[in-house]
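Novice: Sharing the record's features from TrEMBL:
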- 189-205: compositional bias 'Low complexity' (COMPBIAS)
- 330-339: compositional bias 'Low complexity' (COMPBIAS)
- 352-367: compositional bias 'Low complexity' (COMPBIAS)
- 8-93: domain 'BRCT' (DOMAIN)
- 390-483: domain 'BRCT' (DOMAIN)
- 500-561: domain 'BRCT' (DOMAIN)
- 655-736: domain 'BRCT' (DOMAIN)
- 186-205: region 'Disordered' (REGION)
- 223-284: region 'Disordered' (REGION)
- 330-382: region 'Disordered' (REGION)
Amino acid sequence: MSDQSPKVPEEMFREVKYYAVGDIDPQVIQLLKAGKAKEVSYNALASHIISEDGDNPEVGEAREVFDLPVVKPSWVILSVQCGALLPVNGFSPESCQTFFGITACLSQVSSEDRSALWALVTFYGGNCQLTLNKKCTHLIVPEPKGILQTLSAPTKNLEQQVNHSQQGHTNANAVLFSQVKVTPETHMLQQQHQAPQPQQPQHPVLHLQPQQIMQLQQQQQQQQISQQPYPQQPSHPFSQQQQQQQQAHQHQFSQQQLQFPQQQLHPPQQLHRPQQQLQSFQQQHALQQQFHQLQQHQLQQQQLAQLQQQHSLLQQQQQIQQQQLQRMHQQQQQQMQSHTAPHLSQTSQALQHQVPSQQPSQQQQQQQPPPPPPPQHHQLFGHDPAVEIPEEAFLLGCVFAIADYPEQMSDKQLLATWKRIIQAHGGTVDPTFTSRCTHLLCESQVSSVYAQAIRERKRCVTAHWLNTVLKKKKMVPPHRALHFPVAFPPGGKPCSQHIISVTGFVDSDRDDLKLMAYLAGAKYTGYLCRSNTVLICKEPTGLKYEKAKEWRIPCVNAQWLGDILLGNFEALRQIQYSRYTAFSLQDPFAPTQHLVFNLLDAWRVPLKVTAELLMSARLPPKLKQSEVANVQPSSKRARIEDVPPPTKKLTPELTPLVLFTGFEPVQVQQYIKKLYILGGEVAESAQKCTHLIASKVTRTVKFLTAISVVKHIVTPEWLEECFRCQKFIDEQNYILRDAEAEVLFSFSLEESLKRAHISPLFKAKYFYITPGICPSLSTMRSIVESAGGKVLSKQPSFRKLMEHKQNSSLSEIILISCENDLHLCREYFARGVDVHNAEFVLTGVLTQTLDYESYKFN
């Protein structure tokens, strides 16, 4: 920059809130301040990030997480010179730009073209200069003339010289005559003789004008078309091996072109240079002809092999069709034995006419690659369709055995719940797998129990299938990938390297994809950033899809993940295949048929239900209805409007504001009635609560939010005794004590309440919680704020963390994350900043202690 700063228009940067990354020229900061720009302490609060270093982690964070514009300091300077804020796109320091790393020298270019080229190259990340030196990577000239005269200094770093169109537009064929490579030999030769020398012949095409080269191209294309056999057939893609062979030949030929032998020409030999050039041209022309002949021969061989393959396939199809026709003919002959001879002759003639009609379609098949064999669709059954199964007993006749899940479950009560639900809908559960079992409820296909079940043609399904049929009240065959056991052992993680996000799917479909990602071992994020490796799309639309395309993140359909779960691990490498990039599928969650063929075998036979079972299910319908009628009112929630108005009116200071947690809804309504009669009220939120009523310590949202603000945590007996006395009594004898939970979490509830009353646990503390946290971000926010903390909405930079850590007058910033969000914390880990899991908050508020060691991510 010049010593004298340009004059900044008044309030030019008034709307700019900048965050500087790295060392920025102080004069740039002065320009910003003179234009009324504001410097912010958090990158999340900025409107512009200013940095020269596009690889700085803070720059990547601003772009990936907050999608903020990042500009070089030159944006400020040039905006001031232009008197207006320039577009930020042309000033990005990041390496993803088209001309990033390119330093172009413009030579012999008109002033108009120079301005246009300068603007284009610099706008897309490159640099331009008029001096040819070691910094240059590209030389841009109107035509390949005078290059050696220009190279008066060593140019080993110069990689390319690009021919520029004098008309100011891009020439589509420019690449054919732009790669004039200056080798060290020619440069040394020029220095030896200290005089301009004609350039050593590199390739005959370099001495042709662009118009001549285009004509030569057209002639070669016409020759190839005229020599190509079977023009009516569409071109077939080469196999990978053939492509590699062809590339090898081309590479070999290009090496012969670029590495043409250059002799050291001494003064006596210079007299014969024209003759040597002529010999060189003849040799290269002969090589070109050989290469073209080799290409034509390969094309002919490849097409011949493809035709032979198609012919063999056609013969197989004809044989199959002939066999089918013969079977049809025999069946019809058997059916027509009772008919007259003329009728038989008509039938045979009709069959004869069927064969010629198939010839045109066979000719069409010859011109196209054979399609993949269509999936064989067999009819699948639940129960016997002829038997009407009662809806309330839709699992009648089903005998379940459960594998895999008992070992995976930490909560054994859940397994008992499954058994109870199955039995309530007519099914039974055996403790072990036996021959009488009809269904195996399992998670994985890798077990001896599963192998035995498949051998015995039992129905192998997952707990997700059980949830589906419970919703439908009907035993339907499995029809989603999640309904089938996975093809790897429990805990296997074929997608452990993937970070998956989803777009276009909502509600249960999105939940299914989360579960599929979990089972495959992938990390799931509800957001999309540059660290994501896959985006699963329902439709190729939306902001996430557009960003994924911009960031080159693969976009696939849900079948990709379903195929991996069912054993097609090749899909991990085939992520770009057309099968997985076809969207708008009728059912994206439907399994690939050949992957579940064996699993569906047992569903091709309907499940039989004995008459005795059916009779027992239908015997007492009236009794069951009466039972349901008796039970139904008690299961309904009592409306608050039905609760009688309070009979006593207390002052606000004496009115208990009560919350209940850990009770059934019916029980809560009974408690609320008694509370209203006594003159108490139900608290609107945990922050306004004075009394929490619970029968035990539970880590519910109400309990964890209330513990930091509530005055008393009491048992239901307190309310019962108050109702008996018709007044609110002292709480001391009814304080909740849960010895089991206090031993489990190593705390005393009474001591926790005392500490919470003295001072809020998270007072003067800021928390940044990553978006994928579990429990949800809103839940964590409620718990933190109840304990006196504040949650930052934007991710703090490393510099801001250090600033708060070193300055005792600033609030501490604590980072909370989870396994699925650790990629957002890479910079913190790299710089030794502690990141904690959710237990820092959850267990912290329960025990009212700050444990900085137990819950750190390593």
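Cβ atoms here come from the backbone N, Cα and C positions, even for glycine.
Automated prediction, rather than curation, is the source of TrEMBL annotations.
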Novice: How does the domain 'BRCT' (8-93) divide up by DSSP, counting helix, then strand, then coil residues?
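Specialist: Grouping H, G, I as helix and E, B as strand yields 33 helix, 13 strand, 40 coil.
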Novice: For the domain 'BRCT' (655-736), what's the mean pLDDT in this predicted model?
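Specialist: Across the domain 'BRCT' (655-736), the average pLDDT comes out at 91.
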Novice: Using DSSP, how many residues in the domain 'BRCT' (390-483) fall into helix, strand and coil?
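Specialist: Helix (H, G, I), strand (E, B), coil: 41 helix, 13 strand, 40 coil.
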Novice: Kindly report the helix/strand/coil residue split of the domain 'BRCT' (500-561) according to DSSP, in that order.
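Specialist: Its residues divide into 25 helix, 12 strand, 25 coil.
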